[in-house]
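Novice: Let me give you the structure first, and then I'll get to my questions.
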Amino acid sequence: MMKTLLLLVGLLLTWDNGRVLGDQAVSDTELQEMSTEGSKYINKEIKNALKGVKQIKTLIEQTNEERKSLLSNLEEAKKKKEDALNDTKDSETKLKASQGVCNDTMMALWEECKPCLKQTCMKFYARVCRSGSGLVGHQLEEFLNQSSPFYFWMNGDRIDSLLENDRQQTHALDVMQDSFNRASSIMDELFQDRFFTREPQDTYHYSPFSLFQRRPFFNPKFRIARNIIPFPRFQPLNFHDMFQPFFDMIHQAQQAMDVNLHRIPYHFPIEFPEEDNRTVCKEIRHNSTGCLKMKDQCEKCQEILSVDCSSNNPAQVQLRQELSNSLQIAEKFTKLYDELLQSYQEKMFNTSSLLKQLNEQFSWVSQLANLTQSEDPFYLQVTTVGSQTSDSNVPVGFTKVVVKLFDSDPITVMIPEAVSRNNPKFMETVAEKALQEYRQKHREE
């Protein structure tokens, strides 16, 4: 008799495939009501995701407007910088024509300047740059022997540095523009779609995207070119067919931005001394010109800069002053261009980051491939509710809820008993935890 009673108790506790909460059975009707409440939360999150996508689209457009404004400023600064560089080169050419005037004086000073410059540079390199001192020393000696004191006198190193900087700046902007143009052509087509100009409706009841046929904005030669929204009015929503082309395009746009943006060879000047030292080390290894920046530490080198040849050629004073003025202007606009270029690059990275967010939003929604494939009307279906009394694996003080979300395998979530089954927040908490796990799983795939 006792065995029979125990058997009956066991059957009651496992009634209807384990759909029990302690000793109280959870009926099919209750499970259906819970599924309905949970699905409402999922529906709200889908709508939020779609709104989020549009918000990111708006941010991308705002960033693009800021980028255009910066590009206009860059073009203006570039024109002024190039004018100053041309003036500098003209002044340099005129000065070169009179370089023999003080040649003997300069050569004598140059012979005393070179040993000090080499020693100062090699000490710096050994202390800061460290690697390859022997090779650099040999290269530096050749460089100094081939250099002219007149080049030193008219700040040829500053001129060459400006010209090299100009070349690198132009290349950096070309790389960024190429990246943006590739991404922009994709985004232009993406954002022309009617989806981005309409408010998201209630996805739980009908497809908000099937009310109108989409115009063929995409180039028919594209692999993904097709009618993205071919669904007739009120046909159930299929997220995969709807969003996968969008998802593919966003991924392509992000790749187009990232591939080149992270390979820009130009390094923006940074105020910190250790960063400046790295730049000087690179210049010394490259062609020894970095050593000329140490001329202020050698007295005889400074004397070369102070040589006055005006007694032999009065016009040279004016030419040298013109060169000095144009150099200062060119350096000023080069620095301004650097600052604008760096801001421009930051805008590009911001756009890339926003595309990444857009990618993540679409990634989740576009994974809902079988959302309406089954006859089940619920996004979220509760299959089992249990507690520690009905399942020894459930921690004390928790309620175990097993759900199916979309086409997923069963997902188990634990809800603190402080949030009771009668609490309106119960199913919202269940749905939130289940959705977090669902999204995490798809991020890992």
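Yeah, the Cβs are placed from backbone N, Cα and C, and that goes for glycine too.
Pulled these from Swiss-Prot:
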type     : residues : note
SIGNAL   : 1-22     : signal peptide
MOTIF    : 78-81    : motif 'Nuclear localization signal'
CARBOHYD : N86      : N-linked glycosylation site
CARBOHYD : N103     : N-linked glycosylation site
MOD_RES  : S133     : phosphoserine
CARBOHYD : N145     : N-linked glycosylation site
CARBOHYD : N277     : N-linked glycosylation site
CARBOHYD : N287     : N-linked glycosylation site
CARBOHYD : N350     : N-linked glycosylation site
CARBOHYD : N370     : N-linked glycosylation site
MOD_RES  : S392     : phosphoserine
MOTIF    : 439-443  : motif 'Nuclear localization signal'
Novice: Looking at the recorded positions N103, S133, N287, S392, whose Cα is closest in space to that of N86 (N-linked glycosylation site)?
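Specialist: Comparing Cα positions, the candidate nearest N86 (N-linked glycosylation site) turns out to be N287.
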Novice: Just to verify a number: CA distance, N350 (N-linked glycosylation site) to N277 (N-linked glycosylation site), in angstrom, no decimals.
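Specialist: Their Cα atoms are separated by 29 Å.
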Novice: State the mean pLDDT for the motif 'Nuclear localization signal' (78-81).
Specialist: 92
Novice: Taking DSSP states H, G and I as helix and E and B as strand, how many residues of the motif 'Nuclear localization signal' (78-81) are helix, strand and coil?
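Specialist: The breakdown for the motif 'Nuclear localization signal' (78-81) reads 4 helix, 0 strand, 0 coil.
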Novice: How many Å lie between the Cα of S392 (phosphoserine) and the Cα of N287 (N-linked glycosylation site)?
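Specialist: Computed Cα spacing between S392 (phosphoserine) and N287 (N-linked glycosylation site) is 75 Å.
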Novice: So how many of the residues in the motif 'Nuclear localization signal' (439-443) end up helix, strand or coil by DSSP?
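Specialist: Helix/strand/coil tally for the motif 'Nuclear localization signal' (439-443): 5 helix, 0 strand, 0 coil.
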Novice: Can you tell me whether DSSP puts N145 (N-linked glycosylation site) in helix, strand or coil?
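Specialist: Looking at the DSSP assignment, N145 (N-linked glycosylation site) belongs to a helix.
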Novice: For S133 (phosphoserine) and N277 (N-linked glycosylation site), determine the Cα separation and express it in whole Å.
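Specialist: S133 (phosphoserine) and N277 (N-linked glycosylation site) have their Cα atoms 15 Å apart.
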Novice: I'd like the Cβ neighbour count for N145 (N-linked glycosylation site), meaning other Cβ atoms within 10 Å of its Cβ, all protein chains included.
Specialist: 8
Novice: Do you know offhand how many angstrom separate N277 (N-linked glycosylation site) and N287 (N-linked glycosylation site) by C-alpha?
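Specialist: N277 (N-linked glycosylation site) to N287 (N-linked glycosylation site), Cα-Cα distance: 16 Å.
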Novice: Same-chain residues six or more away whose CB lies under 8 A from the CB of N103 (N-linked glycosylation site)?
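Specialist: Sequence-distant Cβ neighbours: F150.
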Novice: Let's check the environment of N287 (N-linked glycosylation site): how many other CB atoms sit within 10 Å of its CB?
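Specialist: Cβ-Cβ neighbours of N287 (N-linked glycosylation site) within 10 Å number 13.
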Novice: Ten-angstrom check, please: count other Cβ atoms within 10 Å of the Cβ of N277 (N-linked glycosylation site), all chains counted.
Specialist: 15
Novice: How big is the gap, in Å, between the Cα of N287 (N-linked glycosylation site) and that of N145 (N-linked glycosylation site), rounded to a whole number?
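Specialist: Per the Cα atoms, N287 (N-linked glycosylation site) and N145 (N-linked glycosylation site) stand 13 Å apart.
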Novice: Using the structure shown, find which entry in N86, S133, N350, S392 (the recorded positions) has the sparsest Cβ neighbourhood within 10 Å.
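Specialist: With the recorded positions N86, S133, N350, S392, fewest surrounding Cβ atoms within 10 Å: S392.
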